[in-house]
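Taken straight from TrEMBL:
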type: REGION; residues: 1-20; note: region 'Disordered'
type: DOMAIN; residues: 33-111; note: domain 'GST N-terminal'
type: DOMAIN; residues: 116-252; note: domain 'GST C-terminal'
Amino acid sequence: MDANQNNDPTKKTYHKKATGKALETVEKHSQDHELKLFGSCFCPFVQRVWISLEMKGLGYQYIEVDPYKKPQQLLEVNPRGLVPALRHGDWGCYESTVLMEYLEDLQKGEALLPSDPKLRAHSRLWSDHINRHIVPGFYRYLQAQDEKSQIKHGEELKEQISKLVDTADKSGPFFLGDKMTFVDVQMAPWVVRLRKVLQPYRGWPEPEAGTRWTSWVEAIEQNHAVRATTSTDDLYIDSYERYFENRPNTSQVQQAINSGRGLP
Ligand SMILES: N[C@@H](CCC(=O)N[C@@H](CS)C(=O)NCC(=O)O)C(=O)O
């Protein structure tokens, strides 16, 4: 049993192995490689880096780790013991946004940041918006236990997403136009989890037909790298029940939200 189950085996907990298309991708990348991604199948921060690797078509090894048990091979790369962590030869680093930038700087495969300096800054600014406002808003809404705060946090999340959608290229379907780039990848794991987690647990609405938001969501959901790194629905339902119930011992993210601190 895991600590978040509080001695109750009927409580669902996080999965330790990918399923569906994500499992196929794990299996394709199980061979030893100098570039190693330490990840956990349910983790949206991991999925960002994983999508980037897949979009760039880089060779890599995926290593599934339990970030709550913090195995030594993870701590060697990330002393904070969080996933994602990346090892490249004898060097290692962590933090999903930093790792996405590192992969960009390798200049191999498809570039996710545009070449124009102003568009690069624009992309970084809106990635910051996602990290500062949308990601914490997602957890605040999911963890909220009383109806009043659920309504409040649901509205706040919608408002922060609307700011991003209003800034996106008008014809899209992606943030900068017809190509999926850095900001889309930063946002993609939470787009996936709006439908797979917030919809069943908090009644998050289906995107309205014909809107700019809908065309973006559909384009992200259909992207080959997003699909290749997404597991079956049950994995998300099970893995997020602990957040939905705001159970003790869930994670550092959950504790940060409860105590009003910034996310780890
Ligand atoms: N800011 C980090 C957040 C990573 C993170 O919170 N990962 C979670 C899994 S989704 C984790 O490793 N949790 C371990 C813990 O809570 O002890 C990033 O962007 O990489």
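Positions of Cβ are set from backbone N, Cα and C atoms, glycine also.
In terms of DSSP helix, strand and coil, the domain 'GST N-terminal' (33-111) has 29 helix, 17 strand, 33 coil. Residues of the region 'Disordered' (1-20) grouped by DSSP class, helix first, strand second and coil last, total 4 helix, 0 strand, 16 coil.
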